[in-house]
Amino acid sequence: MSRPRLHQLLNELYTSKEATLIHQVLLHEDFQIFMTKHSLKMPLKELSQAFTHTSFSHEFNVPHQEQMEFLGDAVLQLILTDELYRRFPEEKEGRLSKLRSAMVNEKVLANIASGLGLNELIIVGKGEYKKGLYEQATVLADTFEALLAQVYRHHGLEFAKTLYLGWLNQFVPTAFDAGFLDDFDAKSKLQEKSLALYKKLPRYTAEQKGDEFEITLWINDEVTARGVFSSKKIGERELASVVLKKGNI
């Protein structure tokens with residue numbers, strides 16, 4: 001009989017309400033497989049904590065990932081600041097800062113997390129499991145930061161940097177390209193164009209649709225683009241980028 005995957009076991013926990021399964025979830029073999037694949041060494045419970053959402057923690061009174069996110073964000077900022085400083089020694093501080101912001105935004109981190117299969121390891125509460133919260137960009141990005149924190153704590157900064165840059169190159173290969181920042185900075189560029197043409201700023205409205213948002217972009221008081229996204233911030237940036245690329249202004 002094949003072993004249950006982590007989320008199958010999580011579903012079994014919520015169906016059977018068998019408390020002994022909590023321990024099996026937190027020490028699941030999938031975490032060991034992940035560590036082996038990426039040459040990581042740490043106590044299994046410390047890795048699984050990086051994947052434990054607060055919703056699961058509140059239900060079963062186990063440690064969660066929140067403080068690790070805080071540390072992971074700082075580690076990520078330092079890694080990228082150092083890498084950008086080395087790659088672009090002549091670039092202005094303002095542009096380097098914008099590029100770093102583009103590379104740590106939710107969408108980029110979620111892309112890396114999805115590529116690594118972190119969504120299959122995230123442990124969430126019963127209601128959140130039914131909603132598929134483990135697939136949401138915000139949760140994926142937070143979990144990636146928590147994971148990076150544990151890599152840093154157990155392997156040091158240089159190892160964390162090498163691992164992160166390898167993942168970045170694998171899943172976001174254009175991250176250091178000039179056009180990458182242009183896409184991220186689409187909202188600012190759209191504002192400039194709208195002001196020049198109509199003396200008005202673009203306007204974004206949002207309507208919640210379950211766990212997502214329907215974002216509408218208005219230019220000169222007319223609907224220019226619309227779409228459904230996992231967050232308002234991502235939606236606004238994506239719509240601005242689409243409008244600029246299509247020249248619909």
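From the backbone N, Cα and C atoms, a Cβ is placed for every residue, glycine too.
As written in TrEMBL, here are the features:
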type	residues	note
DOMAIN	27-156	domain 'RNase III'
BINDING	GLU69, ASP142, GLU145	Mg(2+) binding site
ACT_SITE	ASP73	active site
ACT_SITE	GLU145	active site
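Taking the Cβ of GLU145 (Mg(2+) binding site) as reference, residues of its chain lying under 8 Å away and at least six apart in sequence are, in sequence order, MET68, GLU69, GLY72, ASP73, LEU76, LEU109. Take the mean position of the Cβ atoms of GLU69, ASP142, GLU145, the recorded Mg(2+) site; other residues of that chain with a Cβ within 8 Å of it are GLN65, GLU66, MET68, PHE70, GLY72, ASP73, ALA141, THR143, PHE144, ALA146, ALA149. Working note on the recorded positions GLU69, ASP73, ASP142: by count of other C-beta atoms within 10 Å of each C-beta, ASP142 ranks first.
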